[in-house]
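Student: Below is a structure I'd like to ask you about.
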Ligand code: U5P
């Protein structure tokens, strides 16, 4: 299968607990999937680093420049994962989908970060999945699936086991697009998932859940066209 993963930056580099061991555990999962014959692409988010930098830069400049700073953090995280993947990847973080596709065509694991302002790496992962005709998009994040409402602020939010791409658009449509905003799936990504008819799974970004999103038995939300 051709699989694109959106890997949250806070998952790869958690605020408390960033370590080589943590990154190695993700690299092992992606290497394993590659060894099983899957084509693996990973779009890494900016996590806490992006948020800290955006918070400070917002005092000086506009949202697009804040986004550019966020993008730099995503590329730094991407390079870190590349270093842990060693020969399975290449020491290059592409900044557009054509270069990204060439890395896949070399038979390597592709790792990239952001591209342009005004969206998050969720939208990058959805576009990459569309561009490369991927069979599956896995969004590995810090919540364990898509809820009817934001579970951080609504006690009555219910997790959805299965939903359609149209329902995803309804739930995420009003999400903020400010630099550094973090919703389970960004609103542009939802629209791309719908137009590209992408089978998508949203899971908690642990190495185990990421593996299960492909092999079966995960505890996340399945989104179908
Ligand atoms: N960002 C962009 N464009 C991209 C990727 C990221 O503007 O293609 C900026 C956004 O401000 C985003 C931040 O919130 O970098 C960190 O990315 P993420 O962790 O939210 O995906």
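Each Cβ is built from the backbone N, Cα and C atoms, and glycine gets one as well.
Dumping what Swiss-Prot says about this protein:
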- 9, 10, 47, 51, 141, 142, 147, 150: ATP binding site (BINDING)
- 46, 67, 115, 116, 117, 118, 119, 120, 121: UMP binding site (BINDING)
Student: Whole-number Å distance between the CA of residue 150 (ATP binding site) and the CA of residue 46 (UMP binding site)?
Tutor: 21
Student: Quick test of your reading of the structure: among the binding-site residues 9, 10, 117, 119, 150, whose CB sits under 6 A from ligand 1?
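Tutor: Result: 9, 117, 119.
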Student: Can you tell me which of the binding-site residues 46, 115, 117, 119 is spatially closest to residue 142 (ATP binding site)? Compare CA atoms only.
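Tutor: The answer is 46.
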Student: According to DSSP, does residue 141 (ATP binding site) fall in a helix, a strand, or coil?
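Tutor: Strand, per DSSP.
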Student: Using the CB centroid of 46, 67, 115, 116, 117, 118, 119, 120, 121 as the UMP site centre, which other residues of the same chain sit with their CB within 8 A?
Tutor: 70, 71, 74, 114, 123, 124
Student: Can you see whether DSSP assigns residue 117 (UMP binding site) to helix, strand or coil?
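Tutor: Residue 117 (UMP binding site) sits in coil per DSSP, no helix or strand.
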Student: Quick one: among the binding-site residues 46, 47, 117, which has the most Cβ atoms sitting within 10 Å of its own Cβ?
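Tutor: By the 10 Å Cβ neighbour count, 46 comes out on top.
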Student: If H, G and I count as helix, E and B as strand, and all else as coil, what does DSSP give for residue 147 (ATP binding site)?
Tutor: strand
Student: Of the binding-site residues 115, 117, 119, 121, which one sits closest to residue 47 (ATP binding site) when you measure Cα to Cα?
Tutor: 121
Student: Of 115, 121, 141, 142, which of the binding-site residues has the most Cβ neighbours inside 10 Å?
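Tutor: Per the Cβ count, the most surrounded site is 121.
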Student: Name the secondary structure element type, per DSSP in three states, that contains residue 46 (UMP binding site).
Tutor: coil
Student: Max Cα distance spanning 9, 10, 47, 51, 141, 142, 147, 150 (ATP binders), Å?
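Tutor: Largest pairwise Cα separation, rounded: 23 Å.
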Student: Where does residue 51 (ATP binding site) sit by DSSP, helix, strand or coil?
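Tutor: In the DSSP reduction, residue 51 (ATP binding site) maps to helix.
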Student: In whole Å, how far is residue 51 (ATP binding site) from residue 119 (UMP binding site) when you measure between their Cα atoms?
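Tutor: Residue 51 (ATP binding site) has its Cα 14 Å from the Cα of residue 119 (UMP binding site).
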